[in-house]
Amino acid sequence: GAMDWQVLTRELSLYLESQVRVGLFGSGVGLSLVLGFGVAYACYYLSSIAKKPQLVASNDRFCRFLEEYCPVVTETYYPTIWCWEGRMQTLLRPFITSRPQVQYRNELIKTADGGQISLDWFDNNDSLCYPDASTRPTVLLLPGLTGTSKESYILHMIHQSETLGYRCVVFNNRGIAGEDLLTPRTYCAANTEDLEAVVHHVHSLHPSAPFMAAGVSMGGMLLLNYLGKTGRDTPLMAAAIFSAGWNVFESVESLEKPLNWLLFNYYLTTCLQSSISRHRQILEKLFDMDLVMKARTIREFDKRFTSVMFGYPTIDDYYEDASPCRKLKSVGIPVLCLNSVDDVFSPGHAIPVETAKQNANVALVLTSCGGHIGFLEGIWPRKCTYMDRVFKQFVQAMFEHGNKIFSV
């Protein structure tokens with residue numbers, strides 16, 4: 001048996017050697033081609049793909065603060081070498097990244113209009129740095145359009161916060177985390193009432209705890225719209241915003257390009273539809289649900305459902321009101337906003353660079369690659385993304401050294 005096996009493997013390796021020698025590596029051309037391609041790819045990657053992000057901030061103190069306490073925003077970002085293109089990063093991240101285990105404590109809070117909001121708390125009672133719950137720093141997390149506290153990017157932020165000793169609370173949009181809709185109302189990027197109620201509620205429970213918020217995608221847009229409305233009049237000391245759509249008109253236009261519609265728009269529209277179909281009975285009182293369920297783009301869904309629900313005369317009125325680029329000048333606390341310029345959800349040309357330069361509280365970090373909530377890095381990007389590192393460093397910088405920029 002063993003003898004035959006050795007003979008067989010020797011025969012096989014000799015056969016393969018002769019095949020390979022005659023075929024691909026005849027006269028070594030194949031090998032030099034492969035090596036040449038590898039070297040060329042590496043050169044291209046290092047010269048055109050791996051780049052330092054662009055840091056846009058008019059306030060020198062804020063800039064120096066970030067360079068010292070959040071150095072990740074000044075370092076070269078090396079996107080995953082086999083997957084740096086924006087669409088690929090966007091599509092692959094949910095499948096590649098790990099899902100840290102998080103035990104939540106759920107709380108349902110009532111709203112003024114008779115509805116309810118589901119909050120998922122990660123109390124971090126084992127926190128060594130902050131054993132006193134009353135002063136334990138708290139991070140409010142806002143997921144994206146149809147996202148909940150179960151999204152991998154939310155779990156990663158909680159994992160980062162846990163190591164720093166902080167408490168987290170996730171704001172799930174109405175009707176999306178398994179709880180019932182008590183009134184025919186869901187959520188949108190422009191209406192900040194629910195977020196105001198949540199911020200007030202969390203702050204009233206822990207008035208002595210330093211308090212920050214982080215929003216992703218639509219959660220980031222909602223957070224920016226809230227900050228633009230409240231100015232300095234908020235218990236939040238700072239905020240981090242990831243992959244926000246700055247101008248909704250530009251976002252939906254980009255997502256209606258044929259390839260983007262195929263890859264993202266149609267899928268997201270079906271996600272929106274399935275998130276409301278559970279509540280069909282209560283929503284049917286106000287909406288033609290058959291028509292809503294026939295929507296094939298986010299714009300059609302918003303036209304038939306979201307803009308009507310929140311009382312906008314036209315969809316353009318809603319999109320105007322939902323676009324955070326209009327509110328950026330009024331933001332009154334330090335915010336760090338991370339975007340990739342190749343994000344099809346928030347095209348690079350629509351990022352309000354000039355407006356950001358006019359507000360001393362705002363810093364934009366713009367990477368050339370990363371897609372929408374992608375920011376994958378490393379050869380096999382399961383654990384930690386560039387976005388996770390920006391989150392961790394900025395939150396820690398603000399909680400532990402924030403007083404150094406508060407006199408801005």
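Including glycine, each Cβ sits where the backbone N, Cα and C put it.
According to TrEMBL, the features are:
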type	residues	note
TRANSMEM	20-46	transmembrane segment
DOMAIN	137-378	domain 'AB hydrolase-1'
ACT_SITE	S217	active site, charge relay system
ACT_SITE	D343	active site, charge relay system
ACT_SITE	H372	active site, charge relay system
Distance, H372 (active site, charge relay system) to S217 (active site, charge relay system) (CA atoms, angstrom):
8
Sparsest-packed among the active-site residues, when each Cβ's other Cβ atoms within 10 Å are tallied, from S217, D343:
S217
With Cβ-Cβ distance below 8 Å and at least 6 positions apart along the chain, what are the contacts of H372 (active site, charge relay system)? List them in sequence order.
G86, Q89, T90, S217, S243, S340, D343, V344, F345, S346
